[in-house]
Amino acid sequence: MQTPVIAALPAPSMISSVARLGLASLVLSTASLVLTRFDGSIAFIWANTGLVIAALSLRPPEQWRWLLPAFGVAMFAATVCFGMGLAAAAPLLAATMTEATLPAWLLRRWKGHFFDRVAGVVMFLLVAGVLGPLVGAVIAATAISLLTDASWERTAIRWFTSHGLGTITFTPLIMLLLRGEVGRWFQVPLREKMGPVAMLGLVAVVVAGVFLQDDIPLLFLPMLPMLAATMLYVRIGAAGSIVLLVAIGGTLSVTGHGPIHAIPTPPLSRILFFQFYVGCAALLVLPVSALLKQHRRAIRDLSQSEARFRLLSDRSADVILEVAPDGTILHASPSVTQVAGRPAAYYLGQHGFTLVHPEDQHVLWRAHRQALANPDIAHTAQFRSPRETPEPAWFEAALRGLGGTAGQGLIVVLRDISARKATELALEIAASTDPLTGLVNRRSFLQRLRNQIEHCRVGSSQGSVALVDLDHFKSVNDRFGHAVGDLALQAFARITAATIDRRHCLARIGGEEFAILLVGISPEEAQAACERLRHAVEQLEVELPSAMLEIEGPRVTASIGLVAIDPESDPATILNRADEALYRAKASGRNCVQVAD
């Protein structure tokens with residue numbers, strides 16, 4: 001039955017940490033009450049809220065159940081012993097705990113790193129310097145006004161300013177202490193510590209000089225070394241400067257020195273003015289500290305990213321280019337030498353088009369513009385290399401804009417896809433070619449016919465279609481066998497390719513039937529070309545295999561049906577008319593050309 005109780009207890013290290021934080025809370029609360037509570041009312045500066053916010057921000061919420069009681073006991077004891085006594089201890093504890101836990105809860109998503117970013121600093125100033133003290137002031141002023149004859153308004157103002165000032169002043173330094181950064185700073189070599197010590201010493205000297213005299217109002221002067229310390233040493237400089245300003249300036253002011261003490265107003269007004277002055281100083285240096293921290297982190301991340309990029313660029317087989325918006329090459333990886341034949345340094349400052357075939361430059365330029373306009377999306381383009389090689393070298397470019405905004409240049413990765421392109425071309429040729437004769441097949445022929453019809457429709461181009469059928473081809477197969485029949489088809493394909501102009505398209509569309517797309521010539525010229533082909537086929541002798549040399553090879557003739565392309569017709573209609581003409585040629589005794597009506 002004891003196991004759940006034991007399991008619920010914190011680890012020894014957690015107990016030790018809670019005890020140390022509770023003791024620190026007791027010391028800070030006591031110091032604030034003893035040293036800055038001048039009129040028996042509220043402390044002039046309250047640093048303990050900064051400790052509570054820092055400790056809670058650095059711990060997960062599950063550990064708060066151990067920390068909050070420790071802080072509560074410490075502040076309750078300090079209030080009873082050195083503050084307003086037992087009667088006020090409970091309501092003042094409620095006020096101080098509320099003003100600390102509320103900002104810590106609202107800042108929990110930053111996980112203790114709200115001083116590392118400007119947005120985090122702004123959030124801290126709003127919730128820890130304004131919202132928390134405001135809520136605490138309402139609770140505390142209500143309790144104190146009920147227990148004493150103090151004014152509610154005056155008490156609320158004093159609570160708000162003293163607790164807000166203490167939180168803004170001490171939270172950054174306490175955060176550095178709890179995160180171990182101050183301890184690590186003491187471990188660095190003495191030579192590295194001399195700079196921060198000297199800078200903070202200068203801040204202390206300037207603050208002391210300003211507040212030791214009251215003849216000249218030089219309150220602006222400490223801002224200069226405080227800002228310099230922040231810019232040089234970031235959080236250590238900012239936190240140390242604020243603490244020195246509060247410690248030295250506050251002590252001298254309440255002991256009757258300095259320009260603030262010389263202001264002819266009641267003491268409370270002078271205290272409020274000093275708190276306002278310190279708040280302005282904090283508003284100056286804390287955002288600068290966060291901005292510098294953010295900037296240094298960005299530079300470090302950029303340096304690491306560039307190192308990774310250079311390593312990848314130097315070791316990658318792909319070509320990696322950094323290109324300006326106008327296309328100028330700013331960086332080229334060493335692998336460009338294998339691709340383009342020249343050292344990478346040769347291409348620096350040249351236009352990226354030096355790596356692109358002139359006929360493909362418009363394709364890459366389109367992708368270039370798209371990548372600049374949409375930098376969050378990768379764009380691709382394929383192009384040929386301008387180098388003279390036996391086979392064209394193909395590359396695929398992946399382009400992406402830099403910086404997340406348009407117009408900042410590009411990163412381009414080039415990959416050699418020549419092997420893939422060769423495979424695609426082979427597959428494309430296989431899909432559009434008759435395997436026996438090497439001629440265009442029916443599907444490819446129909447596509448070319450559709451294109452020619454469109455050309456005839458929109459321009460002045462002419463064209464004709466001829467259907468060719470080998471006469472008595474079945475008897476060739478029956479007498480000599482299909483192997484010889486195949487030889488006859490191949491011989492016909494060769495003689496036709498040699499007879500007709502290369503601009504025309506010859507296709508095998510089935511069995512012994514062929515089609516010819518005659519482009520750019522008149523119907524009369526097309527008929528003359530068909531007659532030449534018929535005559536050439538008539539003279540054709542099919543060479544037989546060596547095993548059949550004693551047999552005379554078959555002789556073939558061709559019947560041809562010709563039709564002029566009508567721009568208003570479709571491929572099926574044109575082929576039907578050519579087929580009708582072919583049928584008439586067969587019926588007319590074969591080995592002739594017939595033109596469709």
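Positions of Cβ are set from backbone N, Cα and C atoms, glycine also.
As annotated by TrEMBL, transmembrane segment applies to 40-58 (among others).
Within its own chain, the transmembrane segment (70-98) is flanked in space by residues 18-19, 21-23, 25-26, 29-30, 33-34, 37, 41, 46, 48-49, 51-52, 55, 132, 135-137, 139-140, 142-144, 147-148, 159, 163, which lie at least six positions past its ends and keep a Cβ under 8 Å from the stretch. The transmembrane segment annotation in TrEMBL covers 70-98 (among others).
Look at TrEMBL and you will find 118-147 (among others) tagged as transmembrane segment.
If you look up TrEMBL, you'll see 159-178 (among others) marked as transmembrane segment.
Annotation source TrEMBL lists transmembrane segment at 198-220 (among others).
Only residues 6 or more beyond the boundaries of the transmembrane segment (232-252), in the same chain, are considered here, and those with a CB under 8 A from a CB of the stretch are 36, 44-45, 115, 165, 168-170, 172-173, 175-176, 181-182, 185, 195-196, 199-200, 203-204, 207-208, 210-212, 222, 225-226, 258, 260-261, 274, 277-278, 281-282, 285-286, 288-289, 292-293, 296. Taken from TrEMBL, the feature transmembrane segment applies to 232-252 (among others).
Sequence-remote contacts of a segment are chain residues at least 6 beyond its ends whose Cβ falls under 8 Å from one of its Cβ atoms, and for the transmembrane segment (272-292) they are 115-118, 120-122, 124-125, 129, 157-158, 161-162, 164-165, 168-169, 172, 219, 222-223, 226-227, 230-231, 234-235, 237-238, 241-242, 245-246, 249-250, 253, 260, 263, 265. Residues or ranges marked as transmembrane segment in TrEMBL: 272-292 (among others).
Secondary structure of the domain 'PAS' (305-375), assigned with DSSP and counted as helix (H, G, I), strand (E, B) and coil, comes to 40 helix, 11 strand, 20 coil. Here TrEMBL flags 305-375 as domain 'PAS'.
Annotated domain 'GGDEF' per TrEMBL: 461-597, in sequence order. The domain 'GGDEF' (461-597) scores a mean pLDDT of 87 in the predicted structure.
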Counting each residue once, how many in the domain 'GGDEF' (461-597) are helix, strand and coil under DSSP?
62 helix, 31 strand, 44 coil
Contacting positions for the transmembrane segment (159-178) when only residues 6+ beyond its ends and CB under 8 Å are counted:
32, 36, 42-51, 53-55, 57-58, 95-96, 99, 103, 112, 115, 124-125, 128-130, 132-134, 136-137, 140-141, 235-236, 238-240, 242-243, 246, 271-272, 275-276, 278-279, 282, 286, 289
